[in-house]
């Protein structure tokens, strides 16, 4: 096992990240304060949470080949249900977590149960529409429960003291790290399990799975529920981290940004998805600061205006990645590694036999081609 | 009675808006297999183009023919952007559907953010020509004229598209391409020209919907296109993904259901019933309303 150093890499990263709050290192350019200042820790914690959520989305998109446009729903359910359980029902953190976990299983079970009856683009549309329901409900503010556009602050009393206040940011940071480690561990175990191999087979060719005598539906539903549950738990961590829920996480834009994270990092790769989530969140936050900085404010208007919108830069970056680096960061690294080893790309089987980082998107093409109403086959245009 | 009339006409007006957005989406999906997330951005660009022209271009204005010029400018910009997007970003990725969808997702984020960066996130009041300001008495109900404007435009567009598909050579290529693209290619016809054409037509309709939506809602904001787009997607799926008449029927259905449920139940219930409608249609007829039975 220890012969392959990359196997230990996640553990090393985990230890380094766990010890990070003890460092007073100043990283000029990357962060404003020293590493263990509350502002920096809060930003890194946010990056870690979204790294975990992106990985949970990768379980669906990259590992099983299900292009859901409604993953925001489960994350939002996590933050809002936990928030309401703490604030309105007055439950303790443990009971609230238990209740949220139940919701995090039942909700994707119901939605997935319906949505997975159709496949291809229709599946994407049903998930998009159901997520829209969540967004509408939150914004309509039924009975003054969700706070509408204002968002909803969490009550302080039921939350343990260790998670309250700027002084305890370090505890929230460790919580976020623990969440990411949990998701990483669960996804690693799942993708190596028998179910994980069936998921990979479904992604490659669903019909062949059927021919082999397996029903894809329960496996797809399992992936959908597990990914939903992991995202729900991410919502709870996000709630504790921010001290409230924001309707921003219910929107389609949030689901789309999860998709951007995963593709940016590399669909079908665990560390790629995490890195994509971390990078996206970091850039989103830092580019906002950059837009206010004098360096950008002094630029001529035609440069300053686009640079003032992080989403413009991220969207454009995303298009560039799709065009020139189809496998995202993970695909790029895999290609470089293969080139250094002197092998022709694409000839070696992946190390753990489950996924080729970055190939998920290519493999999905076929699935998309089967969408409703499209002529079968892959026509090549003339000449 | 007057309430029912008002709700029906308003619902049809909304349906007209959905149809304008969804018809382009369904043409693009039917022919190219691309679900175009950037369509909402085309709508926003059309709306802001019209608004900008009405204020800045000499000859164009907020009323009368000046407003028609402004709308023409907005539609022209929308068409141009859609054609350029197809030529530069979608064309190099032919037959790679997921990447094409991803590119349109990135574009929808970037273009809307760009509009927000230039003109701000706050809603801008949209010019209302005097024709759309008044009301008309219909069966005892005072119906605002902008509804009729929307419905009339959508009917003209529907008839024009059906005639175009039926009686022109390009229409023939598009219809054949929706049926079986491989076969059309095998017959020596370059379908790619038709791809650019449907993208441009879709962009034009979306931009027109943006301008009309501005009149209907009284103001425009960068995020408007995206929220309309979700309902347009639902309309496309209910309508059977690639049929213009199916899309028209689905748009009317969705518009009416939304208006009536929002009025008689509670605000927001209409939006939820539309989603329910989608679920019911997909579960009973997975291919949408116009799916041929196997």
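Just so you know, glycine gets a Cβ as well, placed from its N, Cα and C.
In TrEMBL, the annotation transmembrane segment applies to A:254-283, one of the ranges A:134-163, A:254-283. In TrEMBL, the transmembrane segment annotation falls on A:311-334 of the listed ranges A:287-310, A:311-334. The feature transmembrane segment, as given by TrEMBL for the ranges A:21-40, A:41-60, A:201-220, sits at A:41-60. In TrEMBL, the annotation transmembrane segment applies to A:173-191, one of the ranges A:173-191, A:344-362. Two recorded stretches are said to be in contact when at least 3 C-beta pairs lie under 8 angstroms, sequence spacing 6 or more; the transmembrane segment (A:67-86) and the transmembrane segment (A:221-242) meet this definition. Recorded stretches compared: A:92-116, A:173-191, A:221-242; the one with the most Cβ pairs under 8 Å to the transmembrane segment (A:41-60) is A:173-191.
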